Amino acid sequence: MAMSEQPQPVAGAAASTTKARTSFGILGAISLSHLLNDMIQSLILAIYPLLQSEFSLTFMQIGMITLTFQLASSLLQPVVGYWTDKYPMPWSLPIGMCFTLSGLVLLALAGSFGAVLLAAALVGTGSSVFHPESSRVARMASGGRHGLAQSIFQVGGNFGSSLGPLLAAVIIAPYGKGNVAWFVLAALLAIVVLAQISRWYSAQHRMNKGKPKATIINPLPRNKVVLAVSILLILIFSKYFYMASISSYYTFYLMQKFGLSIQNAQLHLFAFLFAVAAGTVIGGPVGDKIGRKYVIWGSILGVAPFTLILPYASLHWTGVLTVIIGFILASAFSAILVYAQELLPGRIGMVSGLFFGFAFGMGGLGAAVLGLIADHTSIELVYKICAFLPLLGMLTIFLPDNRHKD
């Protein structure tokens with residue numbers, strides 16, 4: 001697929017893209033790549049019951065798989081983002097996807113728990129390259145509509161995450177772990193698409209090379225920026241610890257509490273992840289209109305009533321509540337990321353890497369900690385504890401209102 005969008009000024013500062021045209025072709029391509037990347041990642045989560053059965057894993061070991069993947073991704077993402085802020089590397093996108101492809105092949109062939117951990121680490125490494133650089137591409141193609149661009153980019157990833165469990169239920173669960181190899185085709189398609197995006201990215205870089213850089217002015221004093229970033233990271237902790245409870249253990253919760261089969265439990269997980277994808281579409285554009293702070297406030301604190309009710313709900317209402325929770329909670333990340341990018345203009349890669357990396361790290365840590373709790377108590381207690389996490393959304397009151405017209 002040829003990328004024919006006209007080159008735009010690189011978004012080193014917000015002002016540099018305000019009059020540029022939004023490149024929807026590039027945004028669509030990077031969103032498709034995000035869909036394929038996160039679909040592949042979600043396969044690991046979706047086949048946890050198969051891995052538990054094949055290797056006789058405890059909940060703690062299942063949490064270790066998530067932790068390995070998330071740490072491989074989270075520790076490298078800020079480094080990749082910081083480095084590529086200084087030295088742009090357009091071709092890192094397809095190269096990173098090659099790590100993901102190798103992890104998929106190893107997962108399909110894995111004969112031990114150690115091999116599964118290594119496969120998770122390889123997929124995580126691919127993710128560490130993909131997310132900061134693709135987020136930068138989304139901002140470059142935004143034409144100044146940063147919230148909209150991030151939502152288009154994010155929704156691809158969330159739809160991919162929701163597709164993973166559904167495809168796993170159809171393609172992998174009935175036949176065994178070896179069928180993971182079929183998803184190598186998705187990785188190859190992603191490499192082709194990312195290669196085309198890299199050509200566009202390279203053209204952007206060549207066009208802007210040698211041009212004087214825009215003066216970057218921080219919108220807030222340093223101490224307020226530090227406070228705001230700290231609060232945003234606490235909110236990321238709240239969101240992704242709770243998300244880890246659903247993505248890693250929701251199928252087990254449904255199977256143990258309500259006696260569902262693996263396939264039916266995975267369909268419930270698909271419904272949750274689909275709601276997450278739908279909610280992602282809302283956060284960015286609404287943040288462009290009314291301000292990121294208010295979207296963040298509503299999306300984190302707004303789910304608290306539903307998370308508090310969830311542990312005591314019937315099967316029907318459990319399905320309904322998790323869909324509502326996923327939809328509302330998902331609108332937060334695009335708003336948080338663009339808010340942080342506006343706090344630290346000129347550091348798009350580092351900010352993207354930091355927040356994607358921290359989000360992944362909290363997801364991995366949450367999976368390990370919650371798995372330990374589930375092993376020593378019960379899976380139901382996990383949801384009773386996590387129900388209170390969205391109350392941390394009250395900290396949003398201390399965020400400065402940085403609304404501005406692009």
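If you go along the chain as it appears here, the first residue is 1 and each next one adds 1.
Even glycines carry a Cβ here, placed using N, Cα and C.
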Looking only at what Swiss-Prot records, are LEU32 and GLN341 on the same side of the membrane?
no
Honestly, do the transmembrane segment (43-63) and the transmembrane segment (295-315) touch, with at least three Cβ pairs under 8 Å and pairs 6 or more apart in sequence?
no
Long-range CB partners for the transmembrane segment (103-123) (under 8 A, at least six residues beyond its ends), listed in sequence order, are 40-41, 43-44, 51, 55, 57, 61, 64-66, 68-69, 72, 177-181, 183-184, 187
In the same chain, who gets a Cβ under 8 Å from the transmembrane segment (379-399) while lying at least 6 residues past its ends?
59, 227-228, 231-232, 234-235, 237-238, 241-242, 245, 249, 252-253, 256-257, 293, 296-297, 299-304, 307-308, 310-311, 329, 339, 370, 373
Same-chain residues at least 6 beyond the ends of the topological domain 'Cytoplasmic' (124-151) whose Cβ lies under 8 Å from its Cβ atoms
5, 8, 10-11, 14, 17-24, 26-27, 30, 33-34, 37, 41, 68-78, 80-81, 84, 89, 92-93, 95-101, 103, 197, 201, 204, 280-288, 292, 334-335, 337-338, 341-342, 348-350, 352-353, 356-357, 360, 406
Most CB pairs under 8 Å with the transmembrane segment (267-287): which of 64-84, 152-172, 226-246, 295-315, 354-374?
152-172
What stretch, picked from 152-172, 226-246, 320-340, 354-374, has the most CB pairs under 8 A with the transmembrane segment (64-84)?
354-374
